[in-house]
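To start, the structure itself, in structure tokens.
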Amino acid sequence: MYNLSTTNANVIYGFIAYSPIVYLLKRSLPIQFYGPKTSIKKVYSQLKDHNRQITMNASEFINFYQYTPPLELYHLSIVYTFSHFLVLSILTCYPILDTTKYFRRRIFIESTALAIPFLLSITLFQSITTTIPYLLLIFSLHLLFSHSKIFVVLKWPEIVFHSKPMPVKLPFITNLLANVVLTVSIVILAVDFQIFPYRLAKSKVYGWTLMDTGVAYFVALNAILSAESRQETQSSTLHYRSISISKIISPSLPLFILGGLRMLLVRLTDYHQEITEYGVSWNFFIVLGLTRVISSVLFHFFSSSCKTSIIIASCHQLFLSMGLGSFILSPDRSGFFRANKEGIFSLPGYISIYLFMIWIARALFEKRHRRSNFDNIIFVCDLTFIALMLGSVGLFSHYYIDPISRRECNLAFICATISLILFIIATELMVAVMIDILQYFGFMKKPPLVKSLLNEAVARNGLAVFLFANILTGLVNLTFQPKTRGSIVSITCLILYSYCICLFAIFCHSKRVNLKSFFSFSLRK
């Protein structure tokens, strides 16, 4: 039912079919949109003619279009994946680190290998970002091959087609959790320093940057690890009366509480926040909680989460083209809805991402009890195909329907972001296959002997780590004035900050602290 090989073409055809419909309807509307190659003055003039009041002159209008080069963005998203592979390689080559005597040294090595490469990628080494993942991979393989004394010749069919039971918590899902939590935690402070490149910061109006993908990452991971994805609940219109409101709301209740507390603390401390992100009162936790609740309700009422996702994304884009986009980007903040329009009216886009990722996750978990490397390779190919097609649809939408915008969470943003997330999942899964093959040949130890302690700690305590990172970020901004610091002081502060986050994660893990996290699945043993 959820086999991607038989249904991915229908999904792509759905997106491709809806995009021209939206395009044709948009052509009949009075407002026209232009691609990024259009003259800035022309776009600026047209926006003024349609009452989009821009509080900047034409020379500053270039800030309207802000983007991270897609190739750079894709490479940044997998730096952590290969950093984790480096950690496993080090632990394999130096088993003495697994002893209690060298525990502190192991924590230092893991923290350095997992956090510092990504930090350097977005600061000092930003000019060679696209080479860093490959350097990590080459160094890891060099370690394994140079220290290996065992080479077992096995038949490739046995390696590829041998199926085995999968653990309850899939290792690459744990890696995905740690990837998002740790990298986002690093970025939220790094952006406040001058050493952080402007092209990676959140876009003001149009564009697609590294920080624009943060909320979408958490939305996608919530979907992947939800009860719906694990097929603990069935979507059917025949079961609408059996919906338990408490079961739907209770997993998101901590998010609403945190959202309310953050709102209150921001008001009391007069802490600066960018209102173009979510609005005046809205915030990340409220958006994530509402997305989760509404998506769960929709899943119970409609039989196909994939089709529902496509319809919601297309209808949302249609409303944006009919004037909702102008409303969202206008400077008016009078009234509750206008004050929080980015957070409220981006919900359909995030709901679309959530439902689509449920469909992907159900395909992933369908054969979780017995799965071979061949199954994983086929799944990687399916994910890559869908990612490429969605990227193409996103590009078409960007140039001919509406330029990509996080604030609008439009069709181009939805497709591009899902494409990026699928690429990350495919990379994690492919690395997992590579590790399994290396274990077969004797180059790497078999689990559970090789496991990154820090990776497990961050994934297990995602909420605690993220909250701690937010508190540290607030303290640094209130006392340190990061915008005024030079490169040496900035990178030193960020390195210390990264180590603090890692040590906090290890502390929570060792004390068995386990707060309700963004990811309900991470709480399951």
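Cβ coordinates come from backbone N, Cα and C, glycine included.
TrEMBL labels come from automatic prediction, so no person has curated them.
Remember, predicted model here, so these are calculated numbers, not experimental data.
According to TrEMBL, the transmembrane segment annotation covers 73-95, 107-128, 176-196, 208-227, 248-268, 280-302, 309-329, 349-365, 377-399, 411-438, 458-480, 486-508 (among others).
Here the transmembrane segment (458-480) has long-range neighbours at 174-175, 177-178, 181-182, 184-186, 188-189, 192, 254, 258, 269, 271-272, 493, 497, 500-502, 504-505, 508-509, 513-519, 522, meaning same-chain residues at least 6 beyond its ends whose C-beta is under 8 angstroms from one of its own. Contact between the transmembrane segment (309-329) and the transmembrane segment (411-438) is supported by 3 or more Cβ pairs under 8 Å, counting only residues 6 or more apart in sequence.
The stretches the transmembrane segment (486-508) and the transmembrane segment (280-302) are not in mutual contact, being linked by fewer than three Cβ pairs under 8 Å (pairs 6 or more apart in sequence).
For the transmembrane segment (349-365), the residues of the chain that approach it from at least six positions outside its boundaries are 2-4, 11, 215-216, 219-220, 222-226, 228-231, 287, 291-292, 294-295, 298-299, 304-306, 308-310, 312-313, 316, 379, 382-383, 408-410, 413-414, 417-418, 421-422, 425, judged by C-beta separation under 8 angstroms. Long-range neighbours of the transmembrane segment (411-438) within the same chain, counting only residues 6 or more positions beyond its ends whose Cβ lies under 8 Å from a Cβ of the stretch, are 15, 19, 22, 70, 73-74, 77-78, 81-82, 84-85, 88, 144, 159, 171-172, 175-176, 179, 208, 212-213, 216-217, 220, 313-314, 316-317, 349, 352-353, 356-357, 360, 373, 376-377, 379-380, 383-384, 386-388, 390-391, 393-395, 397-398, 401-405, 444.
Counting only same-chain residues 6+ beyond the ends of the transmembrane segment (208-227), those with a CB under 8 A from a CB of the stretch are 66-68, 70, 73, 76-77, 122, 173, 176-177, 180, 184, 187, 191, 199-202, 233, 284, 287-288, 291-292, 295-296, 350, 353-358, 360-361, 364, 404, 406, 412-413, 416-418, 420-421, 518-522.
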